[in-house]
Structures are given as structure tokens and as C-alpha cells.
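Student: A single structure is presented below for examination.
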């Protein structure tokens, strides 16, 4: 029982080491890897090589698949190029299996020792994250060594020998058992290594080992499908395409397993080595053969998994990819893109408010809907950022994290103000049949145009962080405040002149001027985050 526990813990250590390498590489090179994948989709050979290269770095075809899946889910990459990258990822993980199964036992303690020094010494820096990668690689090599050590006494047990002796060559049964190995161990690499060790010990025959390897590859596809079962239709299509490619490859090669085993058995290599080499060449040949069929497979997957119909018209988060949370740069970019969507909705609210001011009361209902949409997006962004490992963020990432939270909150508060403004105009002006004076309406229009311009500039500053634009936004904020004050005095002058329309709408008019001032402050606050200096007049602003 203790020996079995050692084996399970070694497999768990292998999975954990792979996770550490993936998160470390993604935190250092995540944005670059994402760029490489997104730019490689134009040509199939380039996309295939990108899948191999990225998987070699992150030590996991599942990680590469998750990246590509997020692209497809956000409509950044078409399904066919995504499937090409996934095929490349399958080859990449097989090649890394060959490299990691060389005798590198001397390298494991060295990587762990150096990695710990760098990671603990400079945890938040690039060097610290590279140290994290070193620790992960060291743990992977250590886990592989422990698996071999743990399997040896297990294979000598009579009960185990009887169980594996039942694998007498039923190719479908053997392949299913291999798939179960991969799913249970959460790693096709662990399943392949276990198969190689059992073969070297003479517990299973070479043909059975080949079936187990084929099944392990199929199991990794099933694992990806299970991981994406709750994802949207676009993401599930990628996982389905990958699984179908592996299933087709398995069905093609399984009838020839005994012939392959007989041919490979003539090579003067240890059986365990042959199992690993078969794993590499099987994936390489399968993926190269499948490359010409990615377009038909993409069409087939779209037929099987159709887009879900929109059951409601409420705006939903689109860019908050949960798989990117371990990579701060990517997660922050996703949250920023979602904040830009709030900005777009805010712009629609401003346009709707202007229509209400000009006598279209039906737009007030649309304002309420947009305010609800913005609240949904803001809540999603807030919860998404709360799930990030904030204590591991670098200083620049922490600053950006705070900027996104502040900007999304300001826009959410602004939406509440605009919704209230629309309701008050509809109730106090339109329903009561009290129109603004011509001069008053012109002034409100001028402030509206300036406010809308400031909103657009603010979103640009938020996204780009451009200092010149931030200074321009700050100056524009001051000009708006001066203009607002001037129009407030002009309204009072009209009251002195006994303008009937101004008198009837006075409280509403002055209230709108105050609300617009608050909106302007909320929109323009992003300028100070970029400039990182307080404004001398900031204390006089209304928020």
C-alpha cells in the first residue's frame, strides 16, 4: 500500500512540476507566447511549428490548447488555424517526453537548488519567475525518477502481475486502459512513462505497450474535452477537433499494432526506449497526416457543436478568460479589454441621454438597460481581478490592476448618474411638459459634446497610457469645469430676466449641470493615474 502511495505521489509531483513550469513561463513570456500564437495562424506550417515551440516551453499541450481555446472563444483566431496549433502541441509534448526521459538525474537537484535561490531571492522579478521554471523542471525530472523507483516493486507483486497478464492483446481494451491511465494521472506523459517501465520489467508485452500508448494519447484528448465541458461553443469545438483527430489516428493505427511491434522489435534498442520513440513518431506522423484535413474537421465540429442561441439581450463578459489568471499580463489585458466594452456601453448611454434631453422619452428605458449591462460587466471584472494572485504581481502589474478597478468603478458610478439624469428629465421635463429654454438647451448640448469627447479621450488614455493624451485630458477637464461654471451663471442671469422656461426647469437644469460636472470628474480621473501626480485644483472637483 505504501509503495502504491509512493507511485501516486510521484505522479502528482510530475503534474505539479508541469504546472509550476507552465505558470512560470507564462508569467515571464505569456504575452510574447500569445503574440506568437496569434501571428502564426496565417500559414499552416508556421502555426504547426508555433504549437510545437510553445508546448516545449510550457511543458504541457493542455496549456497551449487552453491559450488557443481562449483565442477562439474571443473570435481572435478561426477554428481551423487553432486546430493546426493544437496538432503542433501534440508533437511538442511527445518530443518533450523523449527529452525528459533521458538520464538527467544529475540535473534535477541542480535545477531545484538554483531555482529556489532565484525564486526566494527575487520572487517578483523576471529572474524569480525563471527560478520558478527551474524548480518545476527539477521536480519533473525528480518525479520521473521516483515513478521508475516506485513502479519496480509494484511490478514484482504477484497480484499486479496477474492483473497485467490479463492484457493479452485485445487492442481496443488495451487502448481504453491506456486512456484511463492518462485521465487518472492527469498526464499522458505519466501514462507513457508508466507503460515504458512496465514493458522494461517484462510485465506487459510490447504490442500491449503500444496499445496503451495510443490509448494514453486518446485519454489526453478526452481530458481536454472534460476540461472544456463548461466552456462556450467555440472553445468546445477546439477540444472536440483535437479529440476526433486522436480518435481517427487511433482507429487507423490500432489494426497494425502487432505488425508495428514485430517490426520495431527487430531494432537493437531496449523495449522501454522503443515505447518512448513510438510515442514520438506516432504523434509526429499522425499530426502531419491530419494537417490537410483541418478545414473539413473545423466544418464538422461547427456542425456538431452549434452556437448557443442568445436567450437574453443582456451584455455578458466576453474577454475574461479564466485560464489566463495564472498569467498576470494576459489577465490584466483581458480585464482592460472588458473595461473598454464598459466604455462603449457608456458612450451609448451618453447618446441616449442626449436623445432624452431632446424629447425622446422612450430612450429612458434603454438607459436603464445599459446601466444594468454596465453593472454586470463591472461585477464580472471585479470578481475576475479578485481571483488574481495579487501578492505575486510586480509593481507595474499592481498599478495596472488598480487602474482597471478604478476605471471600471468610475464608469459604473457614471452609468448610475446618467440613468438618474434620464429619469429626472423624463419626469420633470417631458412628462410635465416643461421644455428647456433654447439657450439652456444649447448650453446642455455644448456640455454634452465636450463630455462625450472627454469620455472617448479617457478610454484612449486608459488603454494606451499615453502621457501626452493624459495631459490633454487633464486640460480638457479644466476647460469643462470653467465652461460648466459659465453656463451656470448664464442660467442665473436668465432667471433674473424672468425667462419662464428657465424658471420652470431651474432645479432640473442646475442639477444636470452638477451631474455633468461629476461625470466629467469620473471620466477624467484616469489622467492622474497615468501622470502619477496630483492636480493642484483636484480638491475643488466634485466626485
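A Cβ is built for glycine as well, from the same backbone N, Cα and C atoms used for every other residue.
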Student: Identify the transmembrane segment range according to Swiss-Prot, selecting from 1-21, 22-42.
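Tutor: When 1-21, 22-42 are checked in Swiss-Prot, transmembrane segment belongs to 1-21.
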Student: Which one, 99-119, 134-154, 240-260, has the most C-beta pairs under 8 Å toward the transmembrane segment (175-195)?
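Tutor: It is 134-154, which has the most Cβ pairs under 8 Å.
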Student: Where else in the chain does the transmembrane segment (76-96) make close Cβ contacts, counting only residues six or more beyond its ends and a cut-off under 8 Å?
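Tutor: Same-chain residues near the transmembrane segment (76-96) but 6 or more away: 37-38, 40-42, 44, 47-56, 59-61, 64-65, 68-69, 188-189, 217, 234, 237-238, 241-242, 245-246, 279-280, 282-284, 286-287, 290-291, 294-295, 297-298, 301-302.
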